[in-house]
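What Swiss-Prot says about this protein:
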- SER41: phosphoserine (MOD_RES)
- SER88: phosphoserine (MOD_RES)
- SER96: phosphoserine (MOD_RES)
- SER123: phosphoserine (MOD_RES)
- SER143: phosphoserine (MOD_RES)
- SER147: phosphoserine (MOD_RES)
- SER149: phosphoserine (MOD_RES)
- 164-197: coiled coil (COILED)
- 208-244: region 'Disordered' (REGION)
- SER211: phosphoserine (MOD_RES)
- 237-264: coiled coil (COILED)
- 266-320: region 'Disordered' (REGION)
- 266-276: compositional bias 'Low complexity' (COMPBIAS)
- SER272: phosphoserine (MOD_RES)
- SER275: phosphoserine (MOD_RES)
- SER333: phosphoserine (MOD_RES)
- SER336: phosphoserine (MOD_RES)
- 354-412: coiled coil (COILED)
Amino acid sequence: MSPLECSECFGDQLMHRTYTWHLTLHSRPNFTRKREIRSESLEIPINVILPQRGTEPFLRLHNLYTTPRCSRQAAMPRISRRVASQHSYPLNRFSSMPFDPMERPTSQADLELDYNPPRVQLSDEMFVFQDGRWVNESCRLQSPYFSPSSSFHHKLHHKRMAKEYLLQEENKSLRDENRALRDENKALRKENKILQVFWEEHKVTLGHEESQTSSPLLHKDTTSQEVVKKDNATLPAQRSKENTLQFIREENRALQQLLEQRQAYWAQAEESATSAEEGKPTSSPKEEPHNSGLLPDQSTSHSSHFEEPKASPTTQEDSKTLRALREMVTNLSGPSGEEEGKAGPNLTDSAQPLQLLREMNQALQALREENRLLQEENRALHAMREEHRVFQEENKALWENNKLKLQQRLVIDTVTEVTARMEMLIEELYAFMPAKNNKDPKKPSRV
């Protein structure tokens, strides 16, 4: 039922003054046989409604029927004839002058009509035309003369709830992202600390190794295998890798120098041997055992001519250099004094430095591969740090944007509230101002 059919159902939306008179009708007393006097009385309430907005007053008699006229009246308890009904129609209207000439004319809200104000959407804000001005729909104040329908309130409530839900979801996602960034930052800090510790240890080991490089190369060649074994057994994985890499490099250098020296000695020995063969083509059998310390590249006839006691001074010098070379090889490969007369052990002793060199080269290649992998991991770590820094900047920008949005909302709310209060105060001032020639005064411009 519309508000015109049952106007008192929407009494909370009407802004008027109501005066009620109760008329009581008494009937004549009836005398019964039992000498009892009975009199009947009927109360009729009369309401005179005086609206506040310059409308005509009208008289309203309450309904005397007990049948409900609307859904709200049907839900109320049934009353007797003596109790006044609270629903009626306007029975009579009479014209008269408005009680307050300064009041404005009747609006649609005063007539209890369904009124949907015009709306305009600018960017993501909705504005409503209310009381002669455009007001933001999310933060506007309800006017006492404006009573929108229930569907309008329902839609507005749902819009506000949807906006709040979106803001909550956005804040939740930002919190989750911030938490993930914090965890990633903690992990990166831990990795940075570990890398710093490794770098300090690497510096210490490099300084220790540089101090050890002052010792002679031959002494290092003889003790390199034992030092490598001890380091692999005692030091941790990282230290052992770095130490073995450095030791292998030093051993490779020493072995290269040793091979160059041996090649030079072998070239000199071959030249002297060719010159001796031209002088004496035959060799004595007593000088064969002295050939045990030479490498397989040298023949037995060459060694016999170098070790003759009655040879020329050049051959004696060559024999001295070969003996020194033999001692260096024996120190590098180990003592072999008992096996000097056999050819098989001499071959194994001469092949040991080459085998050691091959193993060292293999270890060096493996360590180079590990170093390359570590460098790739370091590059990936730097890339992750850069991404983390970019994420932190984006998170900071989002946080500042949300902060500015909240500040803008607060400013808009305060401005609308202040303007609404100023308008209410202006209207109250107009109400207290005296009338001049029964004309409405002009309103000053809004601040």
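Heads up, the Cβ atoms here are built off N, Cα and C, so glycines get one too.
Sequence features annotated in Swiss-Prot and their locations in the structure.
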| residue | record | Cβ contacts under 8 Å, 6 or more apart |
| --- | --- | --- |
| SER123 | phosphoserine | none |
| SER211 | phosphoserine | none |
| SER275 | phosphoserine | none |
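The 10 Å shell around the Cβ of SER272 (phosphoserine) contains 22 further Cβ atoms across the protein chains shown.
Following the DSSP three-state reduction, the secondary structure of SER123 (phosphoserine) is coil.
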